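**Q** Dumping the structure here so I can ask a few things about it.
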Amino acid sequence: MEFDTSRKPRGLKRIYFAFKHSIRGLKWLARNESAFRQEVVLLAITLMVIFSIEISLYEKVAMLCATLFVMFAEIINTAIEATIDRVSFEIHPLSGLAKDLGSAGVLVSMVVFMCVWGSCIYSNFLAT
């Protein structure tokens, strides 16, 4: 089976369609994934915090990136789960492993989040 690349949009049209599909994916996540909705709340809290406290620009960017990294991991985890469910609802060890690994990716992103936030809070407010 060959893939016909001549029919794919190019240039600005390709960027437009990519953006459109990304927005559609984010809307689906917001409607269907409670974990993603919780992470949107986390993003709102992050934005309120970084704009209301006196810390360096680097720390603000690090805190924002750590939050976005959690959201990114959740998106990838959901994509893995959707793909596995699309292939088969049959219980299979490799399907379970794929879902477990996606979940582990989210866990790692949360550890990164806690390390970044913890170090920023400690160095600015708790260190003597």
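The backbone N, Cα and C atoms fix where each Cβ goes, glycine too.
Straight out of TrEMBL:
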- R14, E33, E81, E90, I91, H92, K99, D100: ATP binding site (BINDING)
- R14, A35, F36, R37, Q38, E39, E74, S103: substrate binding site (BINDING)
- E33, E81: divalent metal cation binding site (BINDING)
- 36-55: transmembrane segment (TRANSMEM)
- E74: active site, proton acceptor (ACT_SITE)
- 101-125: transmembrane segment (TRANSMEM)
**Q** Determine the most Cβ-crowded residue among the binding-site residues E74, E81, D100, using a 10 Å radius around each Cβ and all protein chains in the structure.
**A** E74
**Q** By CA distance, which of the binding-site residues (A35, E39, E74, S103) lies nearest to R14 (ATP binding site)?
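**A** Closest by Cα distance to R14 (ATP binding site) among the binding-site residues A35, E39, E74, S103: E74.
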**Q** Any idea what the Cα distance is from E39 (substrate binding site) over to E81 (ATP binding site), rounded to a whole Å?
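**A** With the alpha carbons as reference points, the distance is 18 Å.
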**Q** Which of these binding-site residues is closest to D100 (ATP binding site) if you go by CA atoms: F36, R37, Q38, E74?
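**A** So, of the listed binding-site residues, the one sitting closest to D100 (ATP binding site) is E74.
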**Q** Return the count of C-beta atoms lying within 10 angstroms of the C-beta of E33 (ATP binding site), excluding that atom itself.
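**A** Step by step: centre on the Cβ of E33 (ATP binding site), count other Cβ atoms within 10 Å, giving 17.
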**Q** In whole Å, how far is F36 (substrate binding site) from E81 (ATP binding site) when you measure between their Cα atoms?
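**A** Here the two Cα atoms are 14 Å apart.
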**Q** Would you mind pulling the longest C-alpha to C-alpha span across R14, E33, E81, E90, I91, H92, K99, D100, which the record has binding ATP, in angstrom?
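**A** Between the most distant Cα atoms of the ATP site, 38 Å.
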**Q** Return the residues near A35 (substrate binding site), defined as same-chain residues 6+ apart in sequence whose C-beta is under 8 angstroms from its C-beta, sorted by sequence, else 'none'.
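**A** The list for A35 (substrate binding site) reads E74, V106, given in order along the sequence.
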**Q** For R37 (substrate binding site), write down the residues of its own chain that are at least 6 apart in sequence and whose Cβ falls under 8 Å from its Cβ; none is a fine answer.
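**A** Once residues fewer than 6 apart are set aside, R37 (substrate binding site) is near A30.
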**Q** Q38, S103: which of these binding-site residues has the highest Cβ count within 10 Å of its own Cβ?
**A** S103
**Q** With F36 (substrate binding site) as the reference Cα, tell me which of the binding-site residues E90, H92, K99 is the closest one.
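**A** Closest candidate to F36 (substrate binding site), judged by Cα separation, is K99.
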**Q** Quick one: of the binding-site residues E90, I91, H92, K99, which has its CA closest to the CA of Q38 (substrate binding site)?
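**A** In terms of Cα distance, Q38 (substrate binding site) lies closest to K99.
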**Q** At a 10 A cut-off on CB-CB distances, which of the binding-site residues E39, E90 has the highest count?
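**A** Counting every other Cβ within 10 Å of each candidate, the maximum falls on E39.
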